[in-house]
Amino acid sequence: MKLVTWNVNSLKVRLPQVLQWLEMNPVDVLCIQETKLTDDKFPQAEIEAAGYQVVFTGQKTYNGVAIISRHPIEAVQKNNPLFEDEQQRIIAATIAGMRIICAYVPNGQALDSEKYPYKLSWLAALRDWVKAEIEQHPQLALLGDYNIAPDDRDVHDPAAWEGMNLVSPAERAAFQALLDLGLSDSFRQFEQPEKTFSWWDYRQLGFRLNKGVRIDHVLLSKPLADRCTSCVVDRVPRKWEQPSDHAPVIATLD
DNA sequence: ATGGCTTAGGTGCTAAGA
């Protein structure tokens, strides 16, 4: 069983790459973020023609999330019922007995931006909702773009980034609060190469110089974490022409 | 060095990303 998260940075632009990647990686569940498409423009037929089911919730220009699955998708929930939000950042569903939550956490922009307290309250509400979801669905996976690098190991230059958005203590505390629900950062269950990241800036040769951060995560509840045999970042599509700035993160379960 | 790319919307530029 392979569960994947990938921020595609516009599904309109990236659909060919998503289909190409799925052909090379026939995974079970692919959670995507930043589709940037209203639902009427979503390429449902193309994804279904590739042999997958898909559910989605989007908006114009910004945000938008979807779950692509090889297995039947049930009990779809759009957005956090505990958090009034016009932005389309969450979609959840039950797939193969697992509760799958696909989340696009607000970026926050900067600590002095009004988007930063929005990010923190959004994360607090996510925690409250996921706590209730785990009680109902012990087999739960929370996948997405968290816009948080949990540890200094997850930042190419921790000194330069210290205290900034994505690594600030309050954001890292919010990430820890999710782990405290009994979730495991599947990437850290295993020995990993140093300087493994999931996002690299388009500018300044960010990818070539591996100046990245690890902000895309697959969090697993205990029953799923116990079945997890690997978690890797696939850098391959980041090398393609006109790539997303994020790479897919793949967790494999027995 | 607060620049540097990329995308969307709309058609010249701004907003946003992380």
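Even glycines carry a Cβ here, placed using N, Cα and C.
Sequence annotations record features per position, and here TrEMBL assigns domain 'Endonuclease/exonuclease/phosphatase' to A:4-246.
Marked as Mg(2+) binding site by TrEMBL: A:Asn7, A:Glu34, A:Asp145, A:Asn147, A:Asp245, A:His246. The Cβ of A:Asp245 (Mg(2+) binding site) lies under 8 Å from the Cβ of A:Asn7, A:Asn9, A:Trp199, A:Trp200, A:Asp201, A:Tyr202, A:Arg238, each of which sits 6+ residues away along the same chain.
A:Tyr104 (active site) falls within a strand segment according to DSSP. Look at TrEMBL and you will find A:Tyr104 tagged as active site.
DSSP assigns A:Asp145 (Mg(2+) binding site) to a strand in the three-state reduction. Annotation comment: TrEMBL describes A:Asp145 as active site, proton donor/acceptor.
Cβ-based neighbour count (10 Å, all protein chains) for A:Asn147 (Mg(2+) binding site) stands at 22. Per TrEMBL, the feature site 'Transition state stabilizer' maps to A:Asn147.
As annotated by TrEMBL, site 'Important for catalytic activity' applies to A:Asp216. Mapped onto three states, the DSSP output places A:Asp216 (site 'Important for catalytic activity') in strand. A C-beta separation below 8 Å, combined with a sequence spacing of at least six in one chain, links A:Asp216 (site 'Important for catalytic activity') to A:Thr5, A:Trp6, A:Asn7, A:Gly144, A:Asp145, A:Tyr146, A:Ser198, A:Trp199, A:Val233, A:His246, A:Ala247, A:Val249.
Neighbours of A:Asp145 (Mg(2+) binding site), defined as other CB atoms within 10 A of its CB across all chains, total 28. Across the structure, A:Glu34 (Mg(2+) binding site) and A:Tyr104 (active site) place their CA atoms 7 angstrom apart.
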